[in-house]
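According to TrEMBL, the features are:
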DOMAIN    69-350  domain 'G-protein coupled receptors family 1 profile'
REGION    15-36  region 'Disordered'
TRANSMEM  48-78  transmembrane segment
TRANSMEM  90-110  transmembrane segment
TRANSMEM  130-150  transmembrane segment
TRANSMEM  171-192  transmembrane segment
TRANSMEM  212-234  transmembrane segment
TRANSMEM  295-314  transmembrane segment
TRANSMEM  334-353  transmembrane segment
Amino acid sequence: MEAANLSAAATGVALPSGPEASNSSPSPGAVVRSTPGGAALPGRQPPFSVFTVLVVTLLVLLIAATFLWNLLVLVTILRVRAFHRVPHNLVASTAVSDVLVAALVMPLSLVSELSAGRRWWLGSSLCHVWISFDVLCCTASIWNVAAIALDRYWTITRHLQYPLRTRRRASTLMIALTWALSALIALAPLLIGWGEAYDAQLQRCQVSQEPSYVVFSTCGAFYLPLGVVLFVYWKIYKAAKFRFGRHRRAVLPLPATVQVKEAPHEAEMVFKARRPTLTFQESGDSWRERKEKRAAMMVGILMGVFVLCWSPFFLTELISPLCACSLPPIWKSIFLWLGYSNSFFNPLIYTAFSKNYSNAFKSLFTKRR
């Protein structure tokens, strides 16, 4: 995932304006001079403006927060035995990919952002390593989101045919396929020479711009999992709508005042004189329905944030090489870091909808104190 140059938008020569512009045109043979200490002459902006320093500070904080939060999730899953099962292994796989994004990808991307002219000064070997980890970790993070959505979908719609043992096998298979597909997309240019990431003459390091590879990588890394997530959420929405309609049909009018209560964990018939309706409830189903409602809401928010974060980047990545056009560097940077921020939002979303994580975090910090 190519890193654009933020500093290019913040630096440059400020052209004079107004009356001075007409009187200050350079004469033939004029020479641009600079002070011995490298100080900026009048008419030049400093190498890093206040806005650039502020943006870089925010990006550094984003990197640190992404790394620490995902690391906290991993430590919690490793220390709490109750988390050593599905769906927490899917959450752990997502956290591993997001930790790698924060530790290996985002810092070098920031270095590339700050280099003048978006040049890569760290050599071809490190360029290939960085690009490979960039594609690998970001693709794995995206597919892990799709795997979590699939697991929640099967839990909601097939809870009788999807017991714990089946969930373990399915989640293990999804994790293996996620990392295998991500490795294939990341290593394809190196294994079969599908384009070149490093340009020695321009000193530029970016994902291969070979049109065929661009279509293959963007479809495999984003558009295919996007289709999976959209399909899953549509099916969850239909299942929730069906259940809501079914429960509304379970409310029937009665002509007399009756109150009947049967054994717990079975259907309860409750009648109130003020509202002549008979309501069927089941304690087990109500608990499951609350759990499924939270799971559906989590999948919806996870999907929405995922689409908002990555759609702009992958749209430009697919369109730019095919139409031989490009966006300004500042927009490329915005779209790139918006995609990286998805690794920060992932642990916030799937832990915010779980009381187990909040209790585990509290116990973890209490023990350390």
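Even glycines carry a Cβ here, placed using N, Cα and C.
All TrEMBL annotations are machine predictions without curation.
Spatially, the transmembrane segment (48-78) is adjacent to the transmembrane segment (334-353); three or more Cβ-Cβ distances between them are under 8 Å for residues at least 6 apart in sequence. Per-residue pLDDT, averaged along the domain 'G-protein coupled receptors family 1 profile' (69-350), amounts to 81 for this model.
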